[in-house]
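Enquirer: First the structure, which I've put down as structure tokens, then a few questions once you've had a look.
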Amino acid sequence: MLAIEKLQVNYGSITALRGVDITVAKGEIVAVIGPNGAGKSTLLLTIAGVVKAKAGSVKFDSRPILGLAPEKLAASGLALVPEGRHIFGSLSVAENIALGATPRSDRDGIAADTDKVLGMFPVLRDRYRQRAGNLSGGEQQMLAIGRALLSRPKLLLLDEPSLGLAPLIVKQVYDAIYALREQGLTVLVVEQSVNRALNAADRAYVMSGGAIAMVGRSSELQGTAEFDAAYFGAGQRDPGRSPA
Amino acid sequence: MIVVQNLIDAISLGSVYALAALGIGLIFSIMRLINFAHGELIMVGGFVIYALAGNPMLVMALSAIIVVTILALGMERLAFRPLRKASPPTLLIASFAVSYFVQHVILMIFGSRPMGVDFLSVLGESFEFAGLRVPRLQCIAIVVTLALMVGLVVFFRASRIGVQMRAAAEDFTMARLLGVKADRVIAVAFALSGILASFVSLYLVAQTGTVSYKMGVNMVLIAFVASVIGGMGSLTGAALGGFIVGIVSVSLQAYLPEELRPYRDAFVFLLFIAFLLWRPQGLLVRRASERV
């Protein structure tokens, strides 16, 4: 579904990604975890076409996609829920959701999918006609995910979906992600919250300093000394303790 | 009675300023470009009417609307699209370059002297209403402006591309991530600004009966002031700013001591400076939204 090879991204003279390799198979949930500044958000923004890559390749459905405009990628089945959610605060909840369906023109399908999203996040139905800017953080996250689903993506990129949310809301958001996986959606999720991500994902990549430090099945990574070393940097933390 | 008379003058002038300010505000809200070449759209509309003098009024008016809209789209395609990723100061300077270029092309073709046109001069006549003398042109300016504004509101609320444009104005990158086509929303914004500019042309030519290659300069300056007063990025603000500048101008014209009236615009801009010291972000501006 997604194959990233030797991806390199520079911001001016700073190297944000230094040769990243990641693969995501169809139907998988893959997590990228790592400390702040590891380059996780840059990775997602590059895949989605917002940030330009310096070198390397990204293939989506076996097609090279580096250099394509974000709107082209959205139309080809890729959806990004960026960090900070970026809902349109001055627009209504209904308009935000409708914008998710921008690449589509099948009215009936859009109506059915809108209904599905409102069933998944009932609070959005209650606030359907309200300004999206008046929603709480958790509701905005649900709106951002629901909006992204309206494009019927094959691959969903989620950047820090649990950031700043109450645990109960985080659970609700992740329950939705599991349900989506059941329906065959492929997900690449970036998280700082390690346990949350490892519990949700089939496989995980640990990123540090713009490079992949480690990769494995989530169950194998959890609590190992190598994982701690990769995540926190060798010698910075007692390897006996599991990461928070 | 004189107060009501002045109020009608103020609202009609304000409505034309509001149309011009909406054209500036629309482009700014979508791509953070202060398009000083907007005045040249207005000016070229005037010259289309001049060039077609003698034809039926409807032909002149429709031709002006079509030519100006195409010119607006051409400016976007040739000058502003290649600079889309440039900084706002670069875009601003590019808009000055486009503005001078268009002015001088017109200067080369038509010369520098203002020229008279007979266009809708019948509207210069007034009718009596409840003891007031109301020039028809003023009434029509108010009605047409309101109709265009209602049309814009419906367009932005009810049409898919209109909602996409509001989203793009708030967070352009996020809109693109959802599949909103950057080229299309910007082109539609320029087309709309061209339509708005052409209606200002119609009013200016009908009111003054002349065209000159400088006729857009003053209008674009006032439109810019109006959109800043309302708050750059807010379309409601741009329209409100236009009406405020119209009301202030007419009030100064009516109530300044006679010997100061020729310097009316100096007072308008003096008040503008005072306003900026009080409220630099404009009347209706929202908190700037964070961008991806």
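Quick reminder: no glycine exception, Cβ is built from N, Cα and C everywhere.
Sequence annotations record features per position, and here TrEMBL assigns transmembrane segment to B:6-28, B:59-79, B:91-115, B:135-156, B:185-205, B:211-230, B:237-256, B:262-278.
Map the listed features onto the structure and describe their local environment.
Expert: For the transmembrane segment (B:59-79), the list of distant contacts is 35, 37, 41-42, 44-46, 48-49, 52-53, 94-95, 97-98, 102, 119, 186-187, 190-191, 193-195, 197-199, 201-202: same-chain residues at least six beyond its ends, Cβ to Cβ under 8 Å.
Beyond the ends of the transmembrane segment (B:91-115), by six or more residues, the same chain brings 31-37, 39-40, 43-44, 47, 50, 71, 75, 79-80, 83, 210-215, 220 to within a C-beta distance below 8 angstroms of the stretch.
Outside the transmembrane segment (B:135-156), and at least 6 residues removed from its termini, the chain residues within Cβ reach (under 8 Å) are 8-9, 11-12, 15-16, 18-19, 22, 120, 122-127, 162-163, 165-166, 192, 196, 199, 203, 206-207, 235, 239.
Here the transmembrane segment (B:185-205) has long-range neighbours at 16, 19-20, 22-24, 26-27, 30-31, 35, 38, 41-46, 48-50, 61, 64-65, 67-73, 75-77, 80-81, 84, 117, 119-120, 137, 141, 144-145, 148, 152, 155, 161, 164-165, 168, 175, 211, 215, 219, meaning same-chain residues at least 6 beyond its ends whose C-beta is under 8 angstroms from one of its own.
Listed by sequence, the residues of this chain that lie at least six past the ends of the transmembrane segment (B:237-256) yet keep a Cβ under 8 A from its Cβ atoms are 2, 6, 9-22, 24-26, 149, 222-223, 225-231, 264-265, 267-268, 271, 282-285.
Long-range contacts of the transmembrane segment (B:262-278) within the same chain: residues 225, 228-229, 245, 248-249, 252-253, 256, each at least 6 residues beyond the stretch ends and with a Cβ under 8 Å from a Cβ of the stretch.
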Enquirer: Looking only at residues six or more beyond either end of the transmembrane segment (B:211-230), which have a C-beta under 8 A from one in the stretch?
Expert: 17-18, 20-21, 23-25, 28, 34, 36, 38-43, 46-47, 49-50, 99, 103-104, 106-107, 110, 112-115, 117, 200, 204-205, 236-242, 244-245, 268-269, 272, 275-276, 282-284
